[in-house]
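Participant: This is the structure, below, for whatever I ask next.
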Amino acid sequence: MEPPAGTGLKLLLWILSHISISQAASPSSQKCDEALVTPLPHNAFTSSSVFTSGYAPGYAKLNKRGGAGGWSPLDSDHYQWLQVDLGSRKQVTAIATQGRYSSSDWTTRYRLLYSDTGRNWKPYHQDGNIWAFAGNSNTESVVRHDLQNPTVARYLRIIPLDWSEEGRIGLRFEIYGCPYWADVINFDGQGVISYRFKMKKMKILKDVIALKFKTSESEGVILHGEGQQGDYITLELRRGRLLLQINLGSNQYGSILGHTSVTSGSLLDDHHWHSVVIERYRRNVNFTLDQHTQHFRTNGEFDHLDLDYELTFGGMPYSGKPVSGGRRNFKGCMESINYNGENITDLARRKKLDTSSFRNLTFSCVDTHTFPVFFNDTSFLQLPGRRDHNMVSVGFQFRTWNPSGLLLFSSLADGMLELALNNGKVTAHINVTQQKNMHVDISSGELTFFPHTDSMAVTWRSHKISSHSSTYLIIYLMFNGGCDDNFLTRASPIQRSFQGCMQLIQVDDQLADLTAVEQGRMGAFENVSLDMCAIIDRCMPNHCEHGGRCSQTWDGFTCTCDGTGYTGATCHTSVYEQSCEAYKHLGRSSDSYWIDPDGSGPLGPFKVICNMTEDKVWTTVVNNLPAQTAVTGSSRERRTVLQLNYSASMEQVTAITNSAEHCEQHVAYACRMSRLLNTPDGTPYTWWVGRGNEKHFYWGGSVPGIQKCACGIERNCTDSKYYCNCDADQKQWRDDSGLLVYKDHLPVSQVAVGDTNRPGSEAKLTVGPFRCYGDRSYWNAASFNTPSSYLHFSTFQGETSADISFYFKTSAPYGVFLENLGNTDFIRLELKSPTVVSFSFDVGNGPVELNVHSPIPLNDDQWHRVSAERNTKEAILQLDQKYKEVRPAPTQGHTRLELYSQLYVGSAGGQRGFLGCIRSLKMNGVTLDLEERALVTPGVKPGCSGHCTSFGMYCRNGGKCVEKYNGYSCDCSTTAYDGPFCSKDVGGFFEAGTLVKYNLVPEVVAAASSLDEKSVIHNLPVETNLTREDLTFSFSTSTSPSLLVYVSTKTQDYMAVVLRHNGRILVTLQKRSNFRCLSVSLLLAETGYIDPVIIEKYNTPGFVGCLSRVQFNSIAPLKAALRSRGSVPVSHQGKLVESNCGASPLTIPPMSAATDPWHLDAERVIPDGVNRNSAIIGGIIAVVIFTILCTLVFLIRYMFRHKGTYHTNEAKGGESSESADAAIIGTEANFTETIDESKKEWFI
């Protein structure tokens, strides 16, 4: 914004940054490694100063001994430099240094700057930092560094940072590279180059566009092409960033949904060369800026770029189409412009292209020198001002990443002026001695401020500040990141130092002569880098992964991972488990969960339904097709295509499929006069499309290659002449359904229906959810049986970020889990001792080791989880998701991990080899197939047993852990619970007259009356020889009194649990022999003796409600009744409905005597309607048999009697009592009932 007339102070703020110069293409005919310095004359070398004539910079050639044997400056400080002019632009690939010959002078650390013009220097960058090269430690040895990012430059400057402690700065050097030449075109902001196609309209499937540019402007169109159908491609600078916009068109809403926009780089208006390559094939695009590539896929459905007539470089065409308006043309230089193999710059030079829009087309780059100044936190620049003037103007452009810093300070005749950046806002503070201080916020309206993230400008009309008749003048101005005491009073401002760059510094509308300041002829400076801007954009490339948002300060960057599903310093690690299988082994139950199958890989997390059954873990992904979707009006010529969209992308579903043991999807086609597949040799009416976008002509229940339905496979179709029910073309509704189980074809993405257009034709389609079970990657394991055994894999690629996770179990005290080596770099994970896991690596800055200590030994033969991560910000080692060590990365230095050897798992060269099992080894989200490699490796076996030692704890309520090859399961057969972890209640709702009966004595024992007593006793099951009874159950009811549980024998012994009228529980025990039968809720008469008092008092109206968790010792009678398959001695009378007992049942009227199984009337009705006489006869026979058996058992019991004990968990403190009676009496203060010798009752 231009200031109005009379402006006193003018500030222009401008955004600047660093992007590394891209590597120029090396000549294909030879290696780019020529010595470039040795052939140069002496006048090609210059320096900041010279110690004496014998130390001139021309003597600083590698291995030369002329003069004093190398270059040394007059003073050894940080303001010295040595510069060489290579004569023309060269590609530079390496640098080598030596100390000064036969002396104590050498340089131990230095920086390298480069430039095309000898001005506006740019520091060499590597690993996101201004790189400091390691130099020499003596005078003769040569230290060479190959540049990670080769550069193109004519001028090179070496800045010594550290030098010999015994001597001074001394240097000889060599630069290696090769010649470089390229066609250059200077764009003046007006002209454009038009590349016209051979045909008026072009349908382009593939594009390759490459060019280099440099500019000091933050806006400008670099290339543009468009077509009448709405397709276009545009590459432009916008706010110093490179913006690529491309549209291949879309079927929906015209071409709007085809628009794709991608941004790369930042602060590219630094007047340095930047390389751009755009590669497109169909909808896949690689967008590369300065060797940093983004891969993306364009929106829309089309593959061709339809352009009309021409493609323009340097700006927009003059057609005036709507998409073309409102943009500035590019102003700067371009070189090596190539479009699909055509050299555009060469064609323009030979006048083969239209360049008529140029006023003056030049093929050399016009450099506009701006003389930038670089400030760090200890530097300042002092410039003189004018005296005896009441108005002065100052202007400059600046850029910084910090929100605060002192920009300008000036003493006044009677006060001071301070201009600062505070929290992103520019403020002016004016202090006048005889008046109150004045604080002006530029954003308040006194100044116009545009945020520093854009290219911006601030203008401020200065004020005359008067006290009485005095006018205060600015004596001088200081632009600094700190303040020099020579120019400030003791009351110096308290401000954070400015860190950043300034340029185009003007005083009184004249550019400041910074060359004179550099030469010491005016002003002063300290720790300022003149003619260079070394600001770094630490967020470009963006090290925040998975959509993490990057923000930075001068010293570093931070990543915000909110809402990404990832965590860590760079949003690298997923917060979710890899599969439903993993959630199960954390003890989770069936529910919806977010999973991330590839962990830190490119696939994002997604939500699935996890169903944890007893033996399998099902993962379900639902689709949007409603069940029984009606399809009409379709024919073979014009099929109706139903598109299925899933709750996860096809790539995410594929990740589930690849690791699953089995997948399936149910499909159903209900039809009426609508044919499905036709005959196996005919053209199908309907087909479906699977994962690979291929058509499939088989239906559920069949397999690939067989064009049949399930009924055709099973040979039970309605019409035997056809292989699908629907193919019979009948007027009745028919159905073809079944499971698709070939997982490489799943899931179903489309179904094309082709026979519903005839009169009376109807069809309804159902495609069920996609279901899989098993996770082979989670259980992929290998057992290492010898210390020298190992598995080897390809080199681990984890240059800037790497994560490793796995499970291990061992009984050995130490062992190397894995190792990968480079020349000097390496990465290693090992068990160093029984309680220490170590993660060590070296990326070039020296070895780093992280150790996590466990409070318990790790060689306990149980599974332990290890996860390690290294990125540009930190390194992390975590054990069992509890114990953790974090080590920050150094702010300067190498960040890339460069490995070359194979990855070894289980050993390190045969030393300290690992003995044990490693499972689910993932590296950067990829699961290594240990089992496949173990099959062909001696000393290593696939798989690993012993999962119950680690996961058996998840089997609850007495469930037993059962080992499986790829995991474990919980056996709940001896518990009253169900479910994958034996934690699901099994309950039943009891109506009037409902009874569950469990026979404690197996029939085989009851029938063995011919055996002797000793044999019978020996063969009795544990449950019948009871010295202790443990009974547990839960119930809910709204009626009382009622009988809950009754355990009886053929004698008068029994145990009863009843609910009294007052809602209290009464436990009654009468025992002289062993229990024979257990009944829940109600008991049949033939079971044994039934206490008439109990029945009389508590049987009306009987129990009506819900019972669950019923267990008597190791027997679960209610569960057995509900899950009975015929082999268990359990039966039930009346209607028994399984229930979770989550709510109180409705009140039901009392039972009548006719339906009361406890009623002892001889006229009792048999519920199942069996003839009463037959029932009586059968009952008499059963009573006789039972009487014989009971007599036999009683005699055996009497002959081998011994004193028994009764234990119950219902009374605490019973352990110290002589009997159960004493335990109850001693713990129940309100116990007042009379207890005889054989009958006991407890109230609860």
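Glycine residues also receive a Cβ, built from the backbone N, Cα and C atoms like all the rest.
Just so you know, TrEMBL annotations are computer predictions that nobody has curated.
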Participant: Of the listed cysteines C917, C961, C970, which one does TrEMBL record as disulfide-linked to C944?
Facilitator: C917
Participant: Over the domain 'Laminin G' (370-533), what is the model's mean pLDDT?
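Facilitator: Computed over the domain 'Laminin G' (370-533), the mean pLDDT is 64 on the 0 to 100 scale.
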Participant: Name the range, of those listed as 184-365, 535-572, 780-944, that has the largest tally of Cβ pairs under 8 Å with the domain 'F5/8 type C' (24-178).
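Facilitator: Answer is 780-944, with the largest number of Cβ pairs below 8 Å.
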Participant: When a 10 Å sphere is centred on the Cβ of C917 (disulfide bond), how many other Cβ atoms does it contain?
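Facilitator: Looking across every protein chain shown, the total is 22.
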Participant: Around C944 (disulfide bond), which residues of its chain at least 6 apart sit with Cβ under 8 Å of its Cβ?
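Facilitator: Expected: A781, A782, S783, K809, C917, R919.
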